[in-house]
Amino acid sequence: MKMKLAVLPGDGIGPEVMDAAIRVLKTVLDNDGHEAVFENALIGGAAIDEAGTPLPEETLDICRRSDAILLGAVGGPKWDHNPASLRPEKGLLGLRKEMGLFANLRPVKAYATLLNASPLKRERVENVDLVIVRELTGGLYFGRPSERRGPGENEVVDTLAYTREEIERIIEKAFQLAQIRRKKLASVDKANVLESSRMWREIAEETAKKYPDVELSHMLVDSTSMQLIANPGQFDVIVTENMFGDILSDEASVITGSLGMLPSASLRSDRFGMYEPVHGSAPDIAGQGKANPLGTVLSAALMLRYSFGLEKEAAAIEKAVDDVLQDGYCTGDLQVANGKVVSTIELTDRLIEKLNNSAARPRIFQ
């Protein structure tokens, strides 16, 4: 298989973790006879400094002619006092909109070697393997009007707006994902209060008729936020609207014990997607070899799975990550029992060693 990838390293530790992910990707693709062309582009603060905008047209052109996007991280205090239109995060929001990325997938998986790093009790997190599917392009964050009004601007209004099509496509995506996992889907809303949530629930029920093998349940967002802490292992796939998903996915991120481990995918209706780690740009450790590359590496694995259907290669990367952690190798943000803290580059070297060793083993059963 041949693929063309847009590579957007971004700011802070973004270039370091992106280098790691590209090295791992090249290894697993070469081992299995696939070919990738990588084309770098600017986004965020780096783009502001060089091109005067967080999302240059050249970057959009590169992304449009690519099969998928890999992104490192955007932002940092250097640009905090810029006008709103010149903030690094505007580049990310603009890219999502321009590329039609409406579904954010946030996998949350507990690793045996990191259970003690979780703020939750070991027995509550050891079997956690869930995905939060968040709608990205509608809801309160994009509704109009959104303004201050009245005398002295002492009244404020934000608008929560969704179309039927926007709700249908995100719920459809969640059912498709649940169907290839454990066939359980929790649709999260606030249907006891919000009209938008009542429509959301109606559409979920309509869509469920097409997926009789998937068990659909409805949960209120306040109950879900409690259950994510009390019993996270009950969840398989969670689907929800934009703001609820923003909050719940950040809450769920603490389960693993490190933001540095978490990948994410932003998808549209076809196989195209943008893949990035959940963590920020961490400018305080940029260039010091301390950055944890695993969230970006695991994001690359998601890319192979969802954009290219390369399940075997994606699983190989995920197994290499697990094996390296089992061997005790980690960066400083990870609390691995009897762990050996190594640099970004050395941790990447260990991953590549695992992948090459696995590829070199004779395959008795084909």
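Using N, Cα and C of the backbone, Cβ positions are placed for all residues, glycine too.
What Swiss-Prot annotates here:
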type	residues	note
BINDING	76-89, 280-292	NAD(+) binding site
BINDING	ARG96, ARG106, ARG134, ASP222	substrate binding site
SITE	TYR141	site 'Important for catalysis'
SITE	LYS190	site 'Important for catalysis'
BINDING	ASP222, ASP246, ASP250	Mg(2+) binding site
Would you mind sorting out which of ARG106, ARG134, TYR141, LYS190 (the recorded positions) have a C-alpha within 10 A of the one on ASP80 (NAD(+) binding site)?
none
Within 10 Å of the Cβ of PRO88 (NAD(+) binding site), how many other Cβ atoms can be counted across all chains shown?
27
Compare the Cα of ALA84 (NAD(+) binding site) against each of the binding-site residues ARG96, ARG106, ARG134, ASP250 and report the nearest.
ARG96
Which one is it: of the binding-site residues GLY76, ASP222, ASP246, ALA282, whose Cα lies the shortest distance from the Cα of TYR141 (site 'Important for catalysis')?
ASP246
Give the distance between the Cα atoms of PRO88 (NAD(+) binding site) and ASP250 (Mg(2+) binding site), rounded to the nearest whole Å.
20
Indicate the candidate from ASP80, ASP222, ASP246, ASP250 with the smallest number of other Cβ atoms within 10 Å of its Cβ, considering only these binding-site residues.
ASP80
Can you figure out which of GLY76, ASP246, ASP250, ALA282 (the binding-site residues) comes closest in space to ARG134 (substrate binding site), comparing Cα atoms?
ASP246
What whole-number value in Å do you get for the largest C-alpha pair distance within ARG96, ARG106, ARG134, ASP222, the residues recorded as binding substrate?
28
Between the Cα atoms of ASP222 (substrate binding site) and LYS190 (site 'Important for catalysis'), find the distance and write it as a whole number of Å.
8
If you run the three-state DSSP split on ARG106 (substrate binding site), which class comes out?
strand
Candidates LYS190, ASP246, ASP250, ALA282, ALA286, LYS290, namely the recorded positions, that fall within 10 Å of ARG96 (substrate binding site) by Cα distance:
none
